[in-house]
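To keep things clear, I will list the structure first and then write my remarks on it.
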Amino acid sequence: MRRLAHLQARGLKQMATASYFVLAVFLALASYQVIASDPSPLQDFCVADKHSPVKVNGFVCKDPMAVNADDFFKAANLDKPRDTMKSKVGSNVTLINVMQLPGLNTLGISLARIDYAPLGENPPHTHPRATEILTVLEGTLYVGFVTSNPNNTLFAKVLNKGDVFVFPEGLIHFQFNPIHDKPAVAIAALSSQNPGAITIANAVFGSKPPISDDVLAKAFQVEKGTIDWLQAQFWENNHY
């Protein structure tokens, strides 16, 4: 009887240990999901107080009693075409994030209108804090993204009006208008109030101060003169 009771107690202890382990794994996975993107709001809203001297990850909340409808509104005129002629790459990105619309603070979403000149492109870039979903409003776009090392697989598609494509968070992606005589327009939604954008060519060849041409020549397997020429170009930001 004593042996049976001992075995039963031991079994219960092992079950409890296993339960604690499963619970710990679940909590770890849940915590990972929580921190994998913008923090979830703990109240109905947290309108950004951009004048507060307090520095936090995001923005301090404005006093709710001082919030009004204008904090959630912006007359952005996103129905109006943007100028693509002044851009060397032939595109114009109009981003609506928390910097333009304070009510987006803690809501984990932002929006962009992208205009493309004929043969214009939104060059290879990445959003370090957001997944992007894009739909074509007018025209045709050739779009794609590249997976991380070691495969660097390209997933690309030609989109027409009404088509939708998604770019996973952090991966290099692009959009190109292949039509020589017609512009294109797209709307993109991003899963962060402040997704950030790193245009690859600008970051590599237009950094301030510049990256050593020895480093880049080795990385790209070209002569240093080629790197010097690339670094001498004006690397334009197409976000206005």
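Keep in mind that glycine also has a Cβ here, set from the backbone N, Cα and C atoms.
Just so you know, TrEMBL annotations never went through curation; they're auto-generated.
TrEMBL annotations:
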- CYS46-CYS61: disulfide bond (DISULFID)
- 76-228: domain 'Cupin type-1' (DOMAIN)
- ASN122, HIS127, GLU132: oxalate binding site (BINDING)
- HIS125, HIS127, GLU132, HIS173: Mn(2+) binding site (BINDING)
Looking at the domain 'Cupin type-1' (76-228) alone, can you tell me the average pLDDT?
97
Which site among CYS46, CYS61 has the most other CB atoms no more than 10 Å from its CB, taking these as disulfide-bonded residues?
CYS46
The rounded CA-CA distance in Å from HIS125 (Mn(2+) binding site) to GLU132 (oxalate binding site) is 12
Nearest to GLU132 (oxalate binding site) in three-dimensional space, by Cα, is which of the recorded positions CYS46, CYS61, HIS173?
HIS173
List which of the recorded positions CYS46, CYS61, HIS173 have their Cα within 10 Å of the Cα of HIS127 (oxalate binding site), in sequence order.
HIS173
For HIS173 (Mn(2+) binding site), which of these recorded positions sit within 10 Å, Cα to Cα: CYS46, CYS61, ASN122?
ASN122
Between CYS61 (disulfide bond) and ASN122 (oxalate binding site), the C-alpha gap once rounded to whole angstrom
34
Neighbour count, 10 Å Cβ-Cβ cut-off, for ASN122 (oxalate binding site): what number do you get?
29
Cα distance (Å, whole number) from ASN122 (oxalate binding site) to CYS46 (disulfide bond)
32
Take the Cβ of HIS173 (Mn(2+) binding site) and count every other Cβ within 10 Å, whichever protein chain it belongs to.
22
Counting across all protein chains shown, how many other Cβ atoms sit within 10 Å of the Cβ of HIS125 (Mn(2+) binding site)?
21
For HIS127 (oxalate binding site), what is the tally of other C-beta atoms lying within 10 angstroms of its C-beta?
23
Neighbours of the oxalate site ASN122, HIS127, GLU132: Cβ within 8 Å of the Cβ centroid, same chain, sequence order.
ALA112, HIS125, THR126, ALA130, LEU134, PHE167, HIS173, ALA188, LEU190, PRO195, ALA197
Taking the mean position of the Cβ atoms of HIS125, HIS127, GLU132, HIS173 as the Mn(2+) site, which residues outside that list, in the same chain, have a Cβ no more than 8 Å away, listed in sequence order?
THR126, ALA130, PHE145, PHE167, LEU171, ILE172, PRO195, ALA197
